[in-house]
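First comes the structure, then the notes that go with it.
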């Protein structure tokens with residue numbers, strides 16, 4: 001059984017601190033260790049079979065093949081397909097492969113771009129893998145997935161019909177790196193079907209973990225040519241797409257281009273034609289065939305207007321899917337250009353800049369940290385907040401942009417096709433003098449009296465939103481959000497800066513300051529204590545103790561009678577309270593323990609009704625935040641979200657019973673930590689940990 005998500009999150013945070021998830025120490029996808037699995041198979045003399053992505057119809061997915069075709073699918077290893085099978089034959093290039101029946105041109109176009117960058121290619125595709133030497137049918141590849149690198153293990157069984165590969169296939173029938181790379185990415189996506197439809201930027205980011213820029217070619221203000229030229233001189237991957245036609249079919253137009261199709265940008269060149277400078281861009285179709293037939297295509301007479309030297313250098317008359325076209329035609333017939341580089345240098349050509357990068361993982365949770373865009377003035381402040389201090393004399397030199405902000409949403413679904421991107425964006429605020437001493441989250445009043453100095457162009461239902469900004473030296477607040485409030489999702493905020501900057505999350509509970517909330521105070525009354533003990537004896541047994549069932553009756557029928565909107569405390573909730581208050585470990589409460597519990601219940605009941613300003617008899621999650629303040633407890637955003645999920649109803653509200661159970665447990669857990677820790681951490685034996693956790 002998998003570990004609970006809360007435990008996994010702690011493990012991930014610790015691993016990240018130790019460098020786990022970096023390109024040099026990638027995370028094991030599905031916890032599969034390539035070296036150990038390969039060693040086991042070699043020792044046992046068996047061929048590896050991946051039970052996490054088995055060779056069956058589920059891994060292919062629904063919708064690609066007809067049932068009659070699925071019935072004829074055979075999963076074969078490379079040596080069963082080609083007798084002289086090799087992982088790589090005579091190096092690797094974009095001309096090695098062609099697209100199969102799967103609609104993943106976006107992925108294959110990205111592979112085409114990847115083949116130009118040897119260092120990046122070999123990070124993704126380890127070339128020390130062989131099909132003949134030390135072979136046992138296991139391979140691995142590396143991808144960047146939402147903030148961390150993962151090592152993905154697969155077996156080498158590939159889907160075929162009549163002995164031919166169904167999906168990507170190599171021009172050389174003995175070469176199998178493209179098909180195995182595609183299978184590894186299909187495993188990451190959930191199935192082969194889950195790779196259908198996408199943009200090159202998605203795969204290019206997963207190959208590099210770098211900086212992505214998308215240019216809308218209809219935007220005439222963009223210096224597309226300059227950007228492509230700069231990118232061509234950097235370690236970048238470039239892809240582009242044509243507009244979708246009336247249907248989702250990839251229709252070939254009379255000009256040779258395919259509608260709704262992804263292409264790779266493979267080169268740029270300036271030539272002299274008839275005394276004028278001509279700017280050409282070279283593109284590649286991942287089908288491995290099918291080319292542009294307009295000006296500067298393979299057989300265009302325009303090539304007769306350039307020097308023989310340029311013609312010989314650039315022109316290749318072959319139906320290999322690659323062709324040249326003028327930059328004007330490119331901007332006319334393509335909709336967007338995606339560029340992905342390891343660093344932001346290519347954006348403005350300032351390669352001398354030493355870019356600094358800060359990465360934060362966060363989460364919007366409905367009711368607690370999902371406040372929506374600035375239109376939602378009462379809740380916008382509840383969104384995660386990040387504070388950045390821009391320093392350095394060159395921070396605003398010559399009006400150059402100096403900060404690149406990327407906001408990427410993380411999927412919560414295993415299968416890529418089920419992911420529904422939310423509309424996301426961010427706003428940047430200058431921290432004015434009167435707020436520079438403010439610690440913790442900035443309140444609603446700040447956002448209601450200050451305008452953003454920068455923001456994302458618009459809220460988009462895209463995987464990533466990027467903006468290149470010019471920020472003067474000073475302190476700023478970056479607030480990422482969904483467009484609508486109460487939408488739950490995880491995200492990664494990446495801040496690239498030219499100069500040294502100080503960045504940190506602005507939601508630390510230990511530094512949190514909220515607008516004043518009246519606190520509940522209680523004066524101890526000895527007569528009241530005695531009255532409670534007298535009342536207790538009416539329900540206790542002959543040993544003057546009450547168990548969980550008796551406590552349930554006391555709470556529901558007497559102490560909280562008429563205050564509860566639901567059915568009262570459950571037996572399980574009462575068992576939990578008994579365990580938390582039981583100092584003698586008898587499974588029952590004596591009179592002293594009972595009175596302490598009664599006092600807590602009364603205190604938290606008063607807190608509940610004090611902060612229930614809506615008078616609904618339940619707490620909204622913003623009211624819950626104030627309830628913690630009124631109780632004198634500091635709770636960070638991630639913990640608030642976690643408790644809302646654990647104790648709140650599906651409506652996002654919390655009943656009195658659930659609130660009391662939560663507060664009693666939280667108070668107890670804090671005291672346990674204080675008593676057993678050195679102030680920073682706890683060191684327990686397994687028996688001690690089990691002793692504490694299984695009863696409390």
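Each residue, glycine too, has its Cβ placed from N, Cα and C.
What TrEMBL says about this one:
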type	residues	note
DOMAIN	47-343	domain 'Calpain catalytic'
ACT_SITE	105	active site
ACT_SITE	261	active site
ACT_SITE	285	active site
DOMAIN	599-634	domain 'EF-hand'
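Cα-Cα distance from residue 105 (active site) to residue 261 (active site): 7 Å (rounded to the nearest whole number). Mapped onto three states, the DSSP output places residue 261 (active site) in coil. Taken together, the residues of the domain 'EF-hand' (599-634) have an average pLDDT of 88. When secondary structure is read from DSSP and collapsed to three states, residue 285 (active site) falls in the coil class. Taking the Cβ of residue 261 (active site) as reference, residues of its chain lying under 8 Å away and at least six apart in sequence are, in sequence order, 105, 241, 242, 250, 285. DSSP assigns residue 105 (active site) to a helix in the three-state reduction.
A simple way to gauge crowding: the CB of residue 285 (active site) has 27 other CB atoms within 10 angstroms, across all the protein chains here. Counting residue by residue with DSSP, the domain 'EF-hand' (599-634) contains 23 helix, 1 strand, 12 coil.
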